[in-house]
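Trainee: I have a structure I would like to understand better, so I am pasting it below and will then ask my questions one at a time.
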Amino acid sequence: MSVSPAAPASGIRRPCYLVLSAHDFRTPRRANIHFITDQLALRGTTRFFSLRYSRLSRMKGDMRLPLDDTANTVVSHNGVDCYLWRTTVHPFNTRRSWLRPVEDAMFRWYAAHPPKQLLDWMRESDVIVFESGIAVAFIELAKRVNPAAKLVYRASDGLSTINVASYIEREFDRVAPTLDVIALVSPAMAAEVASRDNVFHVGHGVDHNLDQLGDPSPYAEGIHAVAVGSMLFDPEFFVVASKAFPQVTFHVIGSGMGRHPGYGDNVIVYGEMKHAQTIGYIKHARFGIAPYASEQVPVYLADSSMKLLQYDFFGLPAVCPNAVVGPYKSRFGYTPGNADSVIAAITQALEAPRVRYRQCLNWSDTTDRVLDPRAYPETRLYPHPPTAAPQLSSEAALSH
């Protein structure tokens with residue numbers, strides 16, 4: 001049952017926020033939308049509505065499966081009301097152009113049959129945040145249900161990169177100009193957004209006390225390198241690196257893969273780890289690794305990769321594919337699949353100083369900019385259209 005936001009004793013009503021995402025706020029693995037939601041919960045009543053979950057999710061090993069027993073009920077977690085919407089099936093990208101009419105119909109039906117809980121939460125919201133992906137299908141619904149709500153689109157990823165269905169791409173092109181804010185994690189995403197005046201660059205943030213976390217070191221004596229996350233994970237990197245650098249211990253955290261038979265004894269593989277626990281492994285490493293399996297990664301990852309941001313924050317030299325080196329001095333690029341370039345990049349990282357070159361905002365400052373980027377001129381990607389000077393009538397002009 002939905003509970004309307006209550007006014008505090010002061011009589012000033014706290015704002016009400018709603019986040020729509022294919023993530024769930026309660027999962028151990030955290031993305032940027034989780035940290036933004038943390039900040040929203042400090043500012044007002046906050047709800048998190050989780051989409052794209054059904055019986056099909058079992059086939060893909062969805063990370064929300066441990067929450068299945070709580071589906072279709074409101075659960076309070078760390079000050080946020082959470083709702084995991086489980087349907088019998090959910091729409092998906094069939095990757096078959098001849099099935100596009102069926103695919104479109106699936107998405108339209110899904111968006112047209114929301115649960116009452118979502119409708120109630122939309123009506124009560126002052127601000128609705130849509131994360132890139134399937135949440136796009138519900139923007140039009142939000143506009144109809146609550147025309148007064150501020151609509152914010154958080155582009156955590158480019159839609160073409162995460163292989164959303166054509167319906168979602170076309171729908172976003174249609175509704176983009178009507179949104180109040182489109183907040184991109186990288187300027188490189190702007191080219192595929194069919195709007196300009198409401199488009200801003202707001203990168204990821206870091207925990208305000210991140211530099212105070214992660215002590216003591218989890219490592220024994222010696223040289224240690226760390227890789228965190230599963231995105232496009234390339235085990236072959238560690239097959240090469242572990243043999244070429246036996247003096248380095250490589251720590252692989254949350255790759256989503258087991259131990260590769262080609263790994264040396266100096267590779268330690270960990271399963272999923274809570275975000276706070278990974279900080280020590282990053283903070284005390286000699287260098288960090290972003291082992292993406294291909295150069296065919298989106299250019300915006302140079303700015304948007306959470307692991308690279310955390311390496312940058314701690315001044316860690318980072319080894320990553322050439323495509324995501326970007327303008328960052330502390331990164332050393334290699335070509336995936338090319339052993340010589342992997343070895344050269346690691347050699348450079350081992351010799352590099354530990355210097356923080358990148359300015360990193362905390363999550364509070366980041367959330368300020370996501371909600372109201374116009375208050376921060378540096379976030380604007382396109383020049384503000386000039387205000388037309390008032391036109392004088394011909395009679396007024398002649399009188400001057």
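Each residue, glycine too, has its Cβ placed from N, Cα and C.
Since the structure is predicted, the reported quantities are computational estimates derived from the model, not experimental observations.
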Trainee: Starting from the UDP-alpha-D-glucuronate binding annotation in Swiss-Prot that includes SER230, MET231, GLU272, MET273, MET306, LYS307, LEU308, LEU309, GLN310, which of TYR219, TYR292, TYR334 is the extra site residue?
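Mentor: Answer, per Swiss-Prot (UDP-alpha-D-glucuronate site with SER230, MET231, GLU272, MET273, MET306, LYS307, LEU308, LEU309, GLN310), from TYR219, TYR292, TYR334: TYR292.
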Trainee: Using DSSP and collapsing to three states, where does ASP157 (active site, proton acceptor) fall: helix, strand or coil?
Mentor: coil
Trainee: Expressed to the nearest Å, what is the distance separating ASP157 (active site, proton acceptor) and LYS307 (UDP-alpha-D-glucuronate binding site) at their Cα atoms?
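Mentor: A Cα-Cα distance of 15 Å.
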Trainee: Validating a neighbour-count step here. Other CB atoms within 10 A of the CB of LEU309 (UDP-alpha-D-glucuronate binding site): how many?
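Mentor: That number is 19.
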Trainee: On a simple 10 Å Cβ count over all chains shown, which one of the recorded positions ASP157, GLU272 is most densely packed?
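Mentor: Output for this query is ASP157.
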